[in-house]
Structure formats: C-alpha cells, structure tokens
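Q: The structure is given below, and queries will be raised subsequently.
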Amino acid sequence: MRSVPGPSPPCTRSLAHSCRAAARGPCGSARPRARSVSARAHSSEASDMARVQQNFNSAGVGLFFSLFGGNQSLALPHLAAPDIRHVDWRALKAAGFKGLVFDKDNTLSLPFALEVEPRLQPALAGCLEAFGGRAVLYSNSAGLQQYDPEGKEAAALEAALGIPVLRHADKKPGGGCAELEAHFGCPAPQLIMVGDRYLTDIAFGNRHGMLTVHVQPLTTSGEPFGVVMARRIEEFWVARWTSFGVHPPAHSLAPHDTLAAYVKDQPIA
C-alpha cells in the first residue's frame, strides 16, 4: 500500500464538503433492466443473509486502524459525486479505462433491493453503453464464497439487474484482484471502482490501483445499525484527512489535474 501526494485534492465540487454534508445526514456484457417492484416486493426479496453479514467486516476494521499509521490516501476517492448521473463515463472511457466495478447497495439500488433505483436507470444504461457493457457487480454478500457458496444470491441479482455478479473469495477491502482481472482481461489499474463506502469500496479499489468513484448513499433507511455507525465514522475521518491535505493515490490514466473534468454539478443523464 502506498500514500502518493498529488498536486490537487480529489475531484468533487468539494470532497470535504460532500463528506460533511453526508455526515450531517443521519470484461462481461451487461444491460440494465428496469423492474416494476413495489416497496412490499423490495422488503420481501431482501436477503436476511446480507443483512446479518453487513454488520461486521473484519478486513474493513483492520484497514481502518492501519490507516492511522499512514496510507490514509487509500480511503480517499479520486472522484466524488452525488450519484452516477454526475460522472462523465464517456470521458473516462476515452481516457483509457476498460471496465466498471460496481458496488450494489446504496450505489445502484436501495439496500437489499433487486432493482436499479429508477432515477439512476437512464444513467446506468448510458454508462454501460459507453463501456460496451463491460461492467460487473462486486458485492460483499452475493457471489462471496463465504456467504453465497452456491451462487444463488448472485444468480438472483444477475437475473434482476442484468449485470454479471463476480464470484470471489474475500470481502472488500480484503482480497486480491485476480478474479476481476480474469473477468475483464485487463490489469486492475484500467478498471473503475464505484461505491458508497470509503473503507470497503474505495479502499479496495485504491489498494489495487483502480480509479475510485465515491457516490453518496441513496438512503440510510433500512441499513443495519453497524453499517450506519461505520459510515458516520468513515465520513468523519475522510473529511478530516482531506482537510489535512491528504490526496488519493496518483493514477496514470487520470492525473490529479484532470479529475475535475469528470464530475459535473448537474446530472449528465
């Protein structure tokens, strides 16, 4: 792991502002599919297994404490946006990136829901079109060997969202990137990691040299208590480290002075 200073802070309208605002609140083919499901269906299709396992992440806890000894840059995203509608995916593809790695809950869908959040569906469709469908879901429940050994959760997500779910052995931020590189057929630094959690999604992507994109959670309603508390702690420390001048790791395909161009104040789609 490394801490690489950069000439400018991570791109966002202001990462520190984004974090503080949040704290104030409580290579496969894919096409997105819109599903008409009610809140009742959302509740009935929620995974009890996922609810239990999200309360504790030993790899995330271990990384959090290690950051106090250095390498705080691992928790800082290259791009920070309200949601995926504010990111210029076509420009990122033109910069040389070859694939997208998405977290699911609170990034593309409400927690445990089996549908893409309706307001994000056009943006996701455009995003997948820009990358030729080269996207995958990387979940800390579905597809994870420990909790989904037979791939039933993964298969349900694939059928519902129309995006491949990566089968893998370790929870983010732990584990390697061999499965991702095998899936996409390219090295990890040519991939983009997108998620709403600093110490899981962003730290995992940065550990393996990906470009990292942090989005604000779609909601905190329905999240396990442990996740809510962990999120508040993450937001506090990321805002603090950013205010101290810590930057995300440098990336050869997206130098620090180019990052601002990839995030827009108004939704692109």
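In case you wondered, yes, glycine gets a Cβ from its N, Cα and C as well.
Below are the features listed in Swiss-Prot for this protein:
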{"type": "TRANSIT", "residues": "1-33", "note": "transit peptide"}
{"type": "REGION", "residues": "25-46", "note": "region 'Disordered'"}
{"type": "COMPBIAS", "residues": "29-46", "note": "compositional bias 'Low complexity'"}
{"type": "SITE", "residues": "Asp103", "note": "site 'Required for phosphatidylglycerophosphate phosphatase activity'"}
{"type": "MOTIF", "residues": "103-107", "note": "motif 'Phosphoryl acceptor'"}
Q: Could you pull the average pLDDT for the motif 'Phosphoryl acceptor' (103-107)?
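A: Taking every residue in the motif 'Phosphoryl acceptor' (103-107) and averaging pLDDT yields 93.
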Q: Based on DSSP, tally up the residues of the motif 'Phosphoryl acceptor' (103-107) by helix, strand and coil.
A: 0 helix, 1 strand, 4 coil
Q: Mind giving me a neighbour count for Asp103 (site 'Required for phosphatidylglycerophosphate phosphatase activity')? Other Cβ atoms within 10 Å of its Cβ, every protein chain shown.
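A: Asp103 (site 'Required for phosphatidylglycerophosphate phosphatase activity') is surrounded by 24 other Cβ atoms within 10 Å.
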